[in-house]
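Engineer: I'd like to ask you about the structure that follows.
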Amino acid sequence: MGEAIAITSGKGGVGKSSVALNIGMVLAQLGKRVCLIDVDLGLRNLDVMMGLENRIIYDLGDVMAGRCILSQAMLQDKTEKDLYLLPACKNLHIDRFQIEDLKAVTNQLIQSFDYVLLDAPAGIEKGFQACLACAARAIIVTTLDVTSLQDADRIIGCMMQKQLVSISFVVNRYSMRSVEKGISVSLEDAKRWLGIDFLGYVFEDELMQKANNRGLPVTLHREQRLYACFMSIAKRMMGETVPLPRCTKHTLLSKLFGEQTGFF
């Protein structure tokens with residue numbers, strides 16, 4: 001039996017869906033069967049990021065309403081054959097969303113997948129609560145902005161009441177330059193602030209946005225430093241002890257010849 005993990009954030013705009021997708025992609029590259037569930041009602045993102053938006057016939061809402069069986073709504077990734085997507089229901093109003101229906105779908109999926117990643121809505125509303133009810137553990141995506149950390153801290157309290165097996169966090173858009181200039185909170189301060197397990201960081205990199213817009217997950221580019229970030233996070237999720245990618249400064253030479261990713 002597999003494991004259901006809720007991936008969420010205290011506020012929108014921190015890159016949660018990008019992180020969820022690329023974690024799923026790397027897990028699939030490691031030989032795990034992975035299903036992403038887009039629970040961000042009315043705001044389909046994952047299908048566009050995966051280049052699958054034109055293949056949707058049924059979605060999560062159709063499955064929960066009994067208009068189709070689960071396999072009819074699931075979309076296989078174009079490159080990683082062990083990665084699947086259950087797209088969000090675009091027209092389902094939150095008032096008609098039933099937590100028990102999502103639970104039933106999730107329980108069915110963990111019978112045949114190693115990991116079921118629920119891309120939860122930001123905040124603490126019904127969709128977020130539904131994802132927590134389905135998950136064994138949760139991963140919070142945050143940036144090092146004070147407001148993002150405040151919101152992440154707020155939802156940790158909600159999660160602790162659900163008695164999840166574990167709660168951890170990932171820092172997205174990490175920039176050493178911003179930390180050194182005092183624009184962002186330091187990693188160590190963020191760890192102390194949140195007081196939960198730290199899985200890793202994803203560097204600030206315009207390649208992420210370009211990849212999302214093209215429907216090609218950034219982790220398809222294994223030579224890029226972002227790939228190393230997600231590989232480290234995925235292995236830590238699986239219980240392995242691995243180093244974090246080394247922070248390298250952007251110099252003229254690195255821009256000319258490409259970023260070299262090392263490890264501590």
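Keep in mind that glycine also has a Cβ here, set from the backbone N, Cα and C atoms.
Unlike curated records, TrEMBL annotations are generated automatically.
Pulled the feature table from TrEMBL, pasting it below:
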- K11, G12, G13, V14, G15, K16, S17, S18: ATP binding site (BINDING)
- 5-218: domain 'CobQ/CobB/MinD/ParA nucleotide binding' (DOMAIN)
Engineer: Please compute the mean pLDDT of the model over the domain 'CobQ/CobB/MinD/ParA nucleotide binding' (5-218).
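Structural biologist: Across the residues of the domain 'CobQ/CobB/MinD/ParA nucleotide binding' (5-218) the model's pLDDT averages 90 on the 0 to 100 scale.
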Engineer: Among the binding-site residues K11, G13, V14, G15, S18, which residue has the fewest other Cβ atoms within 10 Å of its own Cβ?
Structural biologist: G13
Engineer: Which state, by DSSP, holds G13 (ATP binding site): helix, strand or coil?
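Structural biologist: Its secondary structure by DSSP: coil.
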Engineer: Give the number of CB atoms, excluding that of G12 (ATP binding site) itself, located within 10 Å of its CB.
Structural biologist: 14
